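Input: a single structure, listed below in structure tokens.
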Amino acid sequence: MAHALVIGNWKLNGSLHLVSTMLFDLQYALRGIQNCKVVIAPPVIYLGNVKQAICDSFIELGAQNVDIHASGAFTGEISSAMLKDIGVKYVIIGHSERRILHSETDQVIARKFYMLKKEGLIPVLCIGETEAEYQEGKTKEACARQIDVIMHVQGSEVFNDVVVAYEPIWAIGTGKSAHPEQVQEVHSFIRTYITQKNANKASLVTIQYGGSVTSKNAEALLAQPDIDGLLVGSACLNIESFIEIIRLAAKQKQVA
Ligand code: PEP
């Protein structure tokens, strides 16, 4: 893959002040960086402000959620067409916080995936195992199950030009990042799994790792051949850390 992909997921954090300061500093620091795609996924209320702030840069806009419906009486929801309308390109779905705190099932996530693909947006499909599955050695099984629920209904071609974010649930927001070699093994499995079902197309899938990524552990993770990029939560709210992670991604994948 030609470019690394680093996504900053602000989750339920941010303000107009953060939008202006963070995006100003980020654009300044990233001048000259060419081989790392950077996406900012702020809370939905700031999407327009972020869009305005990044309009002269290569940074792209991401959203943290989408509804399963196209339109109608669904108070509080946002459709894929609306996200596209305001310039969003990437949309995070299947995040474990939505699966757990909002009871989103694999079927709901598959429907969101379908709505995004239909609109020409890029799903960032988060998959990963629970701590119990990890302890039982069922990581690959859990990932395959979460891929299958989409593939079996929508076909294997839908995985062309999508982002799969491998995020072990036990590693998210815990400070316990997975070991780079373990992540490599899972990413290689995911790539092969998709390839087998969709001959010669798996190289079109970008596979990110997410889970307590910091500027300290990013280099070792990015050194792994099947880690194409990083989905960064808390560390993306610290401008120095986030810039360092992006610089490391650009450097590492240039060498690769
Ligand atoms: C995430 O929210 O996807 C994430 C990986 O969070 P953190 O980096 O804080 O673990």
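Quick reminder: no glycine exception, Cβ is built from N, Cα and C everywhere.
Any TrEMBL annotation is an automated prediction that lacks curation.
What TrEMBL lists as substrate binding site is ASN9, TRP10, LYS11, GLY173, SER212. Annotation source TrEMBL lists active site, electrophile at HIS95. Residues annotated as active site, proton acceptor in TrEMBL: GLU167.
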Sorry to bug you, but what's the C-alpha spacing from GLU167 (active site, proton acceptor) to HIS95 (active site, electrophile), rounded to the closest Å?
8
Taking ASN9, TRP10, LYS11, GLY173, SER212 as the record's substrate-binding set, what's the max Cα pairwise distance in Å, rounded to a whole number?
14
Quick tally, other C-beta within 10 angstroms, ASN9, SER212; top of the binding-site residues is ASN9
Using CB atoms and a 10 A radius, I'd like the single residue among the recorded positions LYS11, HIS95 with the highest neighbour count.
HIS95
Tell me the Cβ neighbour count for TRP10 (substrate binding site), meaning other Cβ atoms within 10 Å of its Cβ, over all protein chains shown.
22
Give me the CA-CA distance between ASN9 (substrate binding site) and the residue listed as 'active site, proton acceptor', in Å, as a whole number.
13
List, in sequence order, the same-chain residues at least six positions removed whose CB sits under 8 Å from that of the residue listed as 'active site, proton acceptor'?
HIS95, SER96, CYS126, ILE127, GLY128, TYR209, GLY210, GLY211, LEU231
ASN9 (substrate binding site) falls, by DSSP collapsed to helix, strand or coil, into strand
Proximal but sequence-remote residues of the same chain as GLY173 (substrate binding site) (Cβ under 8 Å, at least 6 apart)
SER212, GLY233, SER234
